[in-house]
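Feature annotations, reproduced from TrEMBL:
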DOMAIN    27-137  domain 'PurM-like N-terminal'
BINDING   D29, T44, D74  Mg(2+) 4 binding site
BINDING   D29, D74, D213  Mg(2+) 3 binding site
BINDING   T45, D46, D121  Mg(2+) 1 binding site
BINDING   D46, D74  Mg(2+) 2 binding site
BINDING   H53, E264, F321  substrate binding site
BINDING   G120, D121, R145, S215  ATP binding site
DOMAIN    149-301  domain 'PurM-like C-terminal'
BINDING   D216  Mg(2+) 5 binding site
Amino acid sequence: MGEFDIIERYFNASQRPARRDVVLAIGDDCAVTSLKLNQQLAITTDTLVCGTHFLPTISAADLAYKCVAVNLSDLASMGAEPAWISLALTLPEINHNWLAEFSKHLFNILDHYNVDLIGGDTTKGHLSLTLTAQGIVPQDKALFRHNAKIGDWIYVSGTLGDSAGGLQLLLNQKTDNVNWNKDESYLIQRHLRPTPRVLLGLTIASIANAAIDISDGLLSDLGHILKRSRCGAIINLDDLPLSESLLNCYSKEKAEQFALSGGEDYELCFTVHNDNKQKLEKALTNIGVNYTCIGQIRSAKEGLTLLRHNEAVRLPAKSGFDHFKK
């Protein structure tokens, strides 16, 4: 079986309901899509490499879910509606059971978010996936990292550190047959199947000033907002949202470390002007998303300050994940 046979058998979406804005999908040199007047395109690309971004033991189903979820999370941070995705898949060998399971769950999550697979590539080599996701934003309504303002309140969605806690459990796993308890299973699920905050992104697009998804760790990703916006911030560690499961599995100190620097939570961190604070919280309550105000944007000269019990504490040596830092 060749690469075109793999595409035809497992990834041909021609038999599936297509979005109306897809003119041509898989089967030609390029895909063709349509945009309406006063719409802009948000585009993101992520590469996931076996052993770097996911463990070799990950199931095909979990990998399919996660590779899509991390891309949709980027679109969510921009306030974009997910629309299309392309997938470049590198495989060490053809495993029909693996491909069947992977493609089944890939299309399941794409269908859930009304996203069409419109193209891609297959090749032989070390297992890796590169996805490009495209989303639609109303003209000049995209959320950016560079628009935080002094005095803005800083919010995060959900709870932080769960994914890192789940990964640590998997790394510490000694045998294949482990009976995880309820809290451990929850953390592992949060690592393997993060929830892209698509509805949240669409909801805050007209309310928030700046946003980013938490992929590398809160301090690292918030740092991107501060650098691009030329601002500082004050963060109250006492307000960090930590799940009961994380605190049941780890010490408070370790849980806090995971929340600040662990990464891969794929929650959103965003800032909002004081005048919009009440409007924001009402909107988030209406869509059923948990949120926490963890601090405030300050001037750049004040830098980033962490407070515990109203006293400044030292920044951790590691702020988040970076592929090329040692």
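For all residues, glycine too, the Cβ spot is worked out from N, Cα and C.
Automatic, uncurated: that is what TrEMBL annotation is.
Between the binding-site residues D29, E264, E264 has the most other Cβ atoms inside 10 Å of its own Cβ, all protein chains included.
Model confidence over the domain 'PurM-like N-terminal' (27-137) stands at 95, taken as the mean pLDDT rounded to a whole number. Put simply, D74 is the one of the binding-site residues D29, D74, G120, R145 whose Cα lies nearest to the Cα of D46 (Mg(2+) 1 binding site). Residues in the domain 'PurM-like N-terminal' (27-137) partition by DSSP class (helix H, G, I; strand E, B; coil) as 35 helix, 46 strand, 30 coil. Here the CA atom of G120 (ATP binding site) lies 10 Å from the CA atom of D29 (Mg(2+) 4 binding site). Put simply, E264 is the one of the binding-site residues T44, T45, H53, D121, E264 whose Cα lies nearest to the Cα of D216 (Mg(2+) 5 binding site).
Taking Cα separation as the measure, H53 (substrate binding site) is nearest to S215 of the binding-site residues T44, T45, G120, D121, S215. Taking the binding-site residues G120, D213, S215, D216 in turn, the residue surrounded by the fewest other Cβ atoms inside 10 Å of its Cβ turns out to be G120. Checked against E264 (substrate binding site) by C-alpha proximity, the binding-site residues T45, D74, R145 yield D74 as the nearest. Within the same chain, residues at least 6 positions away in sequence whose Cβ sits under 8 Å from that of D74 (Mg(2+) 4 binding site) are T44, D46, A133, D213. Spacing of T45 (Mg(2+) 1 binding site) relative to G120 (ATP binding site) is 12 Å (Cα to Cα, whole number). A C-beta separation below 8 Å, combined with a sequence spacing of at least six in one chain, links R145 (ATP binding site) to A210, A211, I212, H224, I225, R228, S229.
In the three-state DSSP assignment, the secondary structure recorded for E264 (substrate binding site) is coil.
Of the listed binding-site residues, namely D46, D121, the sparsest CB environment within 10 A is found at D121.
Counting other Cβ atoms within 10 Å of each Cβ, the lowest count among the binding-site residues T44, T45 belongs to T45.
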